[in-house]
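Now, the feature entries from Swiss-Prot:
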| type | residues | note |
| --- | --- | --- |
| REGION | 1-183 | region 'Large ATPase domain (RuvB-L)' |
| BINDING | LEU22, ARG23, GLY64, LYS67, THR68, THR69, GLU130, ASP131, PHE132, ARG173, TYR183, ARG220 | ATP binding site |
| BINDING | THR68 | Mg(2+) binding site |
| REGION | 184-254 | region 'Small ATPAse domain (RuvB-S)' |
| REGION | 257-337 | region 'Head domain (RuvB-H)' |
| BINDING | ARG293, ARG312, ARG317 | DNA binding site |
Amino acid sequence: MDDRIVDNNLIDHYEVEEELSLRPERLSQYIGQHKIKENLDVFIQAAKLRNEALDHVLLYGPPGLGKTTLANIIAHELDVNIKITSGPSIERPGDLAAILSSLNAGDVLFIDEIHRISRVVEEVLYPAMEDFCLDIVVGKGEEARSIRIDLPPFTLVGATTRAGSLSAPLRDRFGVHLRLDYYDMKDLSHIVSRTADVFEVSIDAQSVQEIALRSRGTPRIANRLLKRVRDFAQVRNNGLIDIEMTTQALNLLQVDRYGLDHIDHKILRAIIERYNGGPVGLDTIAVSIGEERITLEDVYEPYLIQKGLLERTARGRVATIHAYEHLNVPYVNEKRK
């Protein structure tokens, strides 16, 4: 899959570093996800009043909505250290044991993509989360014996885009489950304005709204689009970001007013023009546009469904009447019979 301007995953190391500079450090600075903020504030204050580690927290939802940011905020609000790792990087039980053994009382351990840890590693997590201990097997064969090592109380914050892929025993060990949803226009506009202030760029209110509109409900994409519009403004408009420059830049980037790019259009057109709007199987669509099935399912499909452009049925994927309207394709009802 080629890098997309509307990809809600981080693209490269440079973008990782730049995003870190934009992240808030306190709940009061965090924009959006209001119910989550309110609940977390109560849970954190209660844990501090009892002088206990915060219950383990599971953050789930689409990429780019602030799960890593929230994990860091939790650590800041608790005034403790945070250790950051990811599911794929914990290959063996010993890797996890080493990380857990390095934690101090109250620390936060953040595991991104926690759904990707192996079942063998998961087994080590169970007693660590439940009883704050490690069960280590020493020796081999008949001489093998289990040794229990006590751990200081800690908070595990797990993040995933695929909560359904977590095993039930692991999921049930999280005391706090928080789902992050796509952002509304008001909160996204606030984020674009704040980022513009950080970058010290001049931008009008219409441009803020236009960038927010095309950001797929995702702060990471909003910030990325602002950076690219800033590039166009710097080269072609003396650094001024007005609505004319913004519209021109976003159109050149092939991001429409639904936040769809050329690949989204390609998917919808394949369903409509080649398969009469569906239903059509995901494998068939993948072959038609030259993408992998898992990429379609995880990256492209969720937003198209969320925008009401695509339906997932038992017989396959179906383009909705809204997809026809958006692409200016005549909708003939007989096609669907």
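Note that the numbers count up from 1, one per residue, in the order the chain is shown.
In case you wondered, yes, glycine gets a Cβ from its N, Cα and C as well.
A map of Swiss-Prot features onto the structure.
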{"residue": "LEU22", "record": "ATP binding site", "Cβ contacts under 8 Å, 6 or more apart": "THR195, VAL198, ASN223"}
{"residue": "THR68", "record": "ATP binding site", "Cβ contacts under 8 Å, 6 or more apart": "ARG23, ILE84, PHE110, ASP112, ALA159"}
{"residue": "GLU130", "record": "ATP binding site", "Cβ contacts under 8 Å, 6 or more apart": "ARG173"}
{"residue": "PHE132", "record": "ATP binding site", "Cβ contacts under 8 Å, 6 or more apart": "ASP150, LEU151, PRO152, PRO153, PHE154"}
{"residue": "TYR183", "record": "ATP binding site", "Cβ contacts under 8 Å, 6 or more apart": "GLY32, GLN33, LEU65, ILE191, GLY217, THR218, PRO219"}
{"residue": "ARG293", "record": "DNA binding site", "Cβ contacts under 8 Å, 6 or more apart": "LEU282, ASP283, ALA286"}
{"residue": "ARG312", "record": "DNA binding site", "Cβ contacts under 8 Å, 6 or more apart": "GLU301, ILE305"}
{"residue": "ARG317", "record": "DNA binding site", "Cβ contacts under 8 Å, 6 or more apart": "ILE271, GLY278, PRO279, VAL280, GLY281, LEU282, ILE285, GLU301, LEU310, GLU311"}
Maximal Cα-Cα distance (Å) across residues annotated as binding ATP, namely LEU22, ARG23, GLY64, LYS67, THR68, THR69, GLU130, ASP131, PHE132, ARG173, TYR183, ARG220: 37
CB contacts for GLY64 (ATP binding site) [other CB atoms within 10 A, all chains]: 27
Maximal Cα-Cα distance (Å) across residues annotated as binding DNA, namely ARG293, ARG312, ARG317: 14
Remaining residues near the recorded DNA site, that is with C-beta within 8 Å of the centroid of the site residues ARG293, ARG312, ARG317: GLY281, LEU282, ILE285, LEU296, GLU297, GLU301, GLY316
In three-state DSSP terms, the structure that ARG317 (DNA binding site) belongs to: strand
The region 'Small ATPAse domain (RuvB-S)' (184-254), counted residue by residue under DSSP: helix, strand, coil: 52 helix, 4 strand, 15 coil
Stretch-averaged pLDDT - the region 'Head domain (RuvB-H)' (257-337): 89
